[in-house]
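K.L.:
Heads up, here are the entries from TrEMBL:
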BINDING   Tyr54, Gly111, Glu144, Ile328  S-adenosyl-L-methionine 1 binding site
BINDING   Cys60, Cys64, Cys67  [4Fe-4S] cluster binding site
BINDING   Phe66, Cys67, Ala68, Gly112, Thr113, Gln171, Arg183, Asp208, Ala242  S-adenosyl-L-methionine 2 binding site
DOMAIN    45-280  domain 'Radical SAM core'
Amino acid sequence: MSFDPELAHLGVYDARAPRYTSYPTAVHFHTDVGAEFSMSQIRALPVDKPVSIYVHIPFCERLCWFCACRTQGTKNKSAIAHYLNVLLREIEMVRAALPAGITIGKIHWGGGTPTILSPDQIRLLSLALQKMAPRHENFEFSVEIDPTLVSAAKINALAEMGMTRASIGVQDFDPNVQAAIGRKQSIETTLACVKMLRRANIHSLNMDILYGLPHQTVETVNATIDTVLGLSPDRIALYGYAHVPWMAKRQKLIPDDALPSGQNRRELFDVMAAKLESAHYAPIGIDHFAKADDAMHIAAKAGKLRRNFQGYTTDDLDTLIGLGASAISKFPNGFAQNAAKSADYAEAISKGKLATYRGIATTQRDRMIARLIEMIMCDFRADFAALANEYACEMTILAKPILQLQRDFGRYIKFSVDGFEIIHHQRALARIIARRFDVYSDDVENRFSSVS
Ligand code: SF4
C-alpha cells in the first residue's frame, strides 16, 4: 500500500472504521432482541440449507495484553467443567428446536482457548455437537489452537472427532515484542504444535500474525515472516493490532510510546505482504494471504469469498448458530448475541431459556447493504445488478453514497452502470468506502480500529 499524498490529505490513513465482520455491526445490537427471537429463528430455519456452528470457549490460562477477545483467565478445572455442562445444555436446547432434516456444514471452536479442554472434554463436546444434526457431505471442523496449551492427546482427540483445519495464534516471534504484549511463545513450541498437527493428519493450517505491535521494526517482522514461511501454513491472517485501551483494559499495560506510528504501521504491513507474495501467497481481501491451492484462494478467485465473525471465510452458509457465552448467531432475519459473562449465560440456560441478551432484527434493505459491504470487503467491487436480482428492495438509498464516492474518491474507483470497482489503494479504502453505505454509521468512531 504505497503512500498517496492525496489520500493522506483526505484523512484516509488516519481514519477508523468497522472491520465489517457483520452488518449491522455489533455496536448496533440492542436488548429488545432476546431468547424468543433466537428460538423462533432456529425453529424456522429452512431444512434444505446446512447451518454453521460456532462454539465459544472463553477461558485462557494466560491473558495476553494485546488481546481484545472476550476471555476469562482461569486454571480452575471445575469452572471449565461447569461451563462445559452449561454448553451441553444449550446444545441440547438448540438440537430440540432445529427442524428435522437440517444438516451441519461447518463447526468452528474459538475463544478464548478451546484447547484448554481436556481430551475427554473435547470428545464430550464434539459428540454432543454430532447429535445436534447430521454432518453435511462437505463438512469442515476448525479449531483455534494455542501452541502453549496443547498436547498430542488433545490434538489426537480433535482429529478423532473430525477436525479438518487448525488456526494457530503466532502474532510475533520476536522476544522483545512478545515481552511488550505479555505473550511468551517460543518458535520451538509453535514448531512442536505444527508437527503434532501434521502427525495427526491435520494438514490445513492457518496462522495469525499481527503488525503494529510495540517494538516491531522492519527487521523483526522480516524475521517473524521467515519463521512463519518455514512452517508453511496454507493461510495467513495479517491483522493490524487495534490499540483501544479505553475498551480493552489489558491494553493499558502496553506502552503507547512503543507503538509504531501510522506511517510505520503501513511500512510494516507492506514489508510483510511483499515477503508473503514473493513466497507465492496470494493476497485475499484486506488482510489474508493463501497458497494457490488453498480453498480460500480458490473461493476468492471465483468471487465466492465471504465474511463472518471470524473474518474471511469460504463459509457461504446463511446461518451461523453461536453457542457459549458472548457467541453471536447470524440468522436469515437478524443477529443474536448470548450474554457475555459466563455467570449470566449459565443463569439463563439454567432456567431452560436460550441466553440471548441482545441482537438486531434485519430488514431486506439491511441484508442488501450487508451483501454490498461484503462484496466491497471481499472483492473490492460492487455488483448492483446482482444485488437488485437477489434482493427485491428499493435501491435508491445507494444513490447518495455513490455520488459522494464519485466526488471524494473518483480517481480510485471505476464506476459502471452495474456497479463499481476500487482500482487503487484497495486495502486503505475498502472499509472507508463500505462505511459510506452503512446507514447505521454514527459517532461511535473511537470504537473502531485504524484502517491502515
Ligand atoms: S490471544 Fe489467545 S491466549 Fe491470549 S488472551 Fe487472547 S484468546 Fe487468550
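These residue numbers are counts, starting from 1, taken along the chain as shown.
Just so you know, glycine gets a Cβ as well, placed from its N, Cα and C.
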K.L.:
List, in sequence order, those binding-site residues among Tyr54, Glu144, Arg183, Ala242 whose Cα sits within 10 Å of the Cα of Cys64 ([4Fe-4S] cluster binding site).
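P.N.:
Checking Cα-Cα distances against Cys64 ([4Fe-4S] cluster binding site), the binding-site residues within 10 Å turn out to be Arg183.
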K.L.:
Please give the S-adenosyl-L-methionine 2 site's span as the largest CA-CA distance among Phe66, Cys67, Ala68, Gly112, Thr113, Gln171, Arg183, Asp208, Ala242, to the nearest whole angstrom.
P.N.:
20
K.L.:
From Tyr54, Cys64, Cys67, Ile328, which binding-site residues have a C-beta atom under 6 Å away from some atom of ligand 1?
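P.N.:
Checked binding-site residues vs ligand 1; flagged Cys64, Cys67.
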K.L.:
Which chain neighbours of the [4Fe-4S] cluster site, leaving out Cys60, Cys64, Cys67, have a Cβ atom within 8 Å of the mean position of the site's Cβ atoms?
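P.N.:
Everything else in range on the chain: Arg62, Leu63, Trp65, Phe66, Cys69, Thr71, Gly182, Arg183, Arg250.
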K.L.:
May I ask which of the binding-site residues Gly111, Ala242, Ile328 is closest to Cys60 ([4Fe-4S] cluster binding site) if we compare their C-alpha atoms?
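P.N.:
Answer for the nearest of the binding-site residues: Gly111.
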K.L.:
Relative to the Cα of Ile328 (S-adenosyl-L-methionine 1 binding site), which of the binding-site residues Phe66, Ala68, Arg183 has the closest Cα?
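P.N.:
In terms of Cα distance, Ile328 (S-adenosyl-L-methionine 1 binding site) lies closest to Ala68.
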K.L.:
Could you round the CA separation between Gly111 (S-adenosyl-L-methionine 1 binding site) and Cys67 ([4Fe-4S] cluster binding site) to a whole angstrom and send it over?
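P.N.:
Each residue's Cα considered, Gly111 (S-adenosyl-L-methionine 1 binding site) and Cys67 ([4Fe-4S] cluster binding site) end up 11 Å apart.
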K.L.:
Record lists Tyr54, Gly111, Glu144, Ile328 as binding S-adenosyl-L-methionine 1; longest Cα-Cα distance in Å?
P.N.:
17
K.L.:
Which whole-number value in Å describes the distance between the Cα atoms of Thr113 (S-adenosyl-L-methionine 2 binding site) and Glu144 (S-adenosyl-L-methionine 1 binding site)?
P.N.:
7
K.L.:
Given a 10 Å Cβ-Cβ cut-off, pick out the one of the binding-site residues Cys67, Ala68, Ala242, Ile328 that has the most other Cβ atoms nearby.
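P.N.:
That would be Ile328, with the highest Cβ count within 10 Å.
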K.L.:
Quick one: which residues besides Tyr54, Gly111, Glu144, Ile328 have a Cβ within 8 Å of the S-adenosyl-L-methionine 1 site's Cβ centroid, in sequence order?
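P.N.:
Everything else in range on the chain: Val55, His56, Ile57, His108, Trp109, Gly110, Gly112, Phe309, Gln310, Gly322, Gly324, Ala327.
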K.L.:
Per DSSP, Ile328 (S-adenosyl-L-methionine 1 binding site) is which: helix, strand or coil?
P.N.:
strand
K.L.:
Please report the DSSP secondary structure of Ala68 (S-adenosyl-L-methionine 2 binding site), reduced to three states.
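P.N.:
Its secondary structure by DSSP: coil.
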